[in-house]
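Peer 1: Quick one: the structure is below, and I'll ask about it shortly.
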């Protein structure tokens with residue numbers, strides 16, 4: 001198990017490094033940093049001065065390496081638009097996004113696991129069809145549209161929840177539902193498919209032959225085996241959640257990393273963009289690592305691989 | 001009768017299929033005496049497995065059981081609710097299956113799976129269940145049993161897994177053990193070991209065994225009584241010795257002719273084979289179902305054959321004496 005974790009950790013480091021390079025070069029491709037700093041229509045001399053000051057006249061590879069070196073030392077540079085330290089800016093917003101990601105994931109799992117299990121146990125019944133309907137709607141509806149529907153219902157018609165902001169937990173309710181419902185269908189379908197397969201396995205018959213009650217058979221013997229691919233999917237879905245949080249945070253003016261990403265793109269704030277992309281990627285890589293380890297724990301056969 | 005552990009009368013299993021109702025098991029009656037072995041033989045698809053699953057109330061979705069009586073240790077279970085079966089299964093009646101490779105849950109250790117029925121039915125502590133598991137793993141011939149408890153099924157060979165399954169079935173000292181082709185998926189040498197093990201365990205614990213098999217060699221070695229099934233019916237049933245020396249039903253005779261016997265079967269000669277195929281059991285089935293393949297068939301076989309019995313040896317055929 002230890003050897004397995006070390007191996008995975010090494011791989012994760014390599015992936016993070018590759019992502020940092022991609023993030024750097026892709027963002028450079030999207031526009032000129034000097035123009036962004038100086039503003040549209042700046043004079044050529046000003047641009048040259050800026051290029052020299054920020055070291056933008058050096059070859060791109062050298063720029064990347066120096067940026068990487070600084071980043072590794074914890075120096076994330078200064079925001080062009082906010083004129084403050086990028087690290088303090090990002091660190092201030094990170095908790096909001098992590099909290100939203102976590103609550104949305106929990107919300108997604110809380111509705112998709114019972115629905116998926118029920119749909120599998122009572123497959124082809126009305127429960128199965130209802131669950132399928134819930135999933136199809138969730139998958140087909142763009143999340144910004146669903147978010148606006150929620151605002152119409154809960155904020156404007158019922159006046160239960162605040163429209164925007166992030167000061168109280170009430171502000172997180174609608175973003176959580178909007179974002180969670182966006183990723184829940186994939187979980188639900190996977191759990192249903194997995195459970196249907198597992199429930200016809202020989203070892204389920206063995207479990208029943210032991211006289212175990214139905215709930216033990218379903219939740220102990222079946223779900224544990226059906227949930228293995230779900231753990232892998234969780235990492236992927238968290239990526240979607242982080243991506244989706246850009247849209248959802250912007251709609252609800254939730255003061256998190258997604259909203260900051262939106263602002264930094266609008267104002268061509270390259271240092272901030274770079275750090276956000278890198279940070280989200282590293283979080284994603286770490287989550288994948290965590291899911292691999294969780295899978296190894298759930299399915300003992302993976303440990304030897 | 002106190003010495004009968006299982007008394008099945010008029011058991012039928014119907015399976016709903018796209019083509020109509022499949023009568024997988026048709027009105028069969030079986031008895032297993034305490035501490036004795038009943039072997040149920042027949043070719044694939046004759047309803048042997050469905051019979052055992054019906055007795056355990058483990059039939060798959062879409063299969064329906066009906067029985068005049070399904071009496072276990074004197075208690076009629078033919079109309080008992082699922083809860084009653086849950087209390088008996090893994091406790092007083094246990095079952096082992098054909099596929100040891102897939103019959104254990106890959107996500108839990110051997111120890112956990114062994115402990116489960118003992119803790120559930122006996123309310124035993126983890127430590128008690130562990131001791132019992134070690135004791136039984138040792139009984140089924142597994143070396144260093146204590147270390148095995150922490151292992152997962154994929155770390156064990158097929159033979160070892162079947163031994164674990166047997167140990168698991170014996171955790172609560174069942175009065176009846178149903179073994180559905182327990183050696184079919186194993187190597188020949190392992191088959192012999194497992195069968196010897198079952199026979200030894202029966203002697204030691206006095207458990208009654210209902211062994212489902214299509215291997216007549218196995219039957220000859222361990223059966224007290226034999227039931228021969230064909231197309232969902234028991235066509236002949238009786239003491240093993242009588243059935244082997246004096247088979248009354250043409251199908252039983254055909255089966256015995258299929259086995260090569262050293263010294264009796266001519267070298268280079270052809271083994272016996274039963275021509276034809278098993279009839280479809282979808283829809284209404286009348287008359288003797290073996291008549292299409294029977295060398296003694298006559299027009300009267302289109303009607304249901306009479307049930308005959310001599311000294312506890314029962315068969316269903318128009319023929320009174322061995323053919």
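Cβ coordinates are placed from backbone N, Cα and C, and glycine is handled just like the others.
The feature domain 'ABC transmembrane type-1' is assigned by TrEMBL to A:94-291. Per TrEMBL, transmembrane segment is recorded for A:98-123, A:130-156, A:168-187, A:226-252, A:272-298.
Can you tell me where each of these features sits in this structure?
Peer 2: Counting residues 6+ beyond its ends, the transmembrane segment (A:98-123) has Cβ neighbours under 8 Å at 131-132, 134, 172, 175-177, 179-185, 187-196, 199, 218-219, 223, 226, 234, 237-238, 241-242, 245, 248-249, 254, 256, 258 in the same chain.
Beyond its flanks by at least six residues, the transmembrane segment (A:130-156) meets 111, 115-116, 118-119, 162-163, 173-175, 177-179, 181-182, 184-186, 188-189, 192, 244, 247-248, 251-252 of its own chain at Cβ-Cβ distances under 8 Å.
Only residues 6 or more beyond the boundaries of the transmembrane segment (A:226-252), in the same chain, are considered here, and those with a CB under 8 A from a CB of the stretch are 96-97, 100-101, 104-105, 108, 120, 143-144, 147-148, 151, 163-166, 171, 174-175, 178-179, 182-183, 186-187, 190-191, 194-195, 197-198, 258-259, 261-262, 280, 283-284, 287-288, 290-292, 294-295, 298-299.
Beyond the ends of the transmembrane segment (A:272-298), by six or more residues, the same chain brings 1, 4-5, 8-9, 12, 15-16, 19-20, 23-24, 27, 67, 71, 76-77, 79-82, 86-87, 89-90, 94, 224, 227-228, 231-232, 234-235, 238-239, 242, 257, 260-261, 264-265 to within a C-beta distance below 8 angstroms of the stretch.
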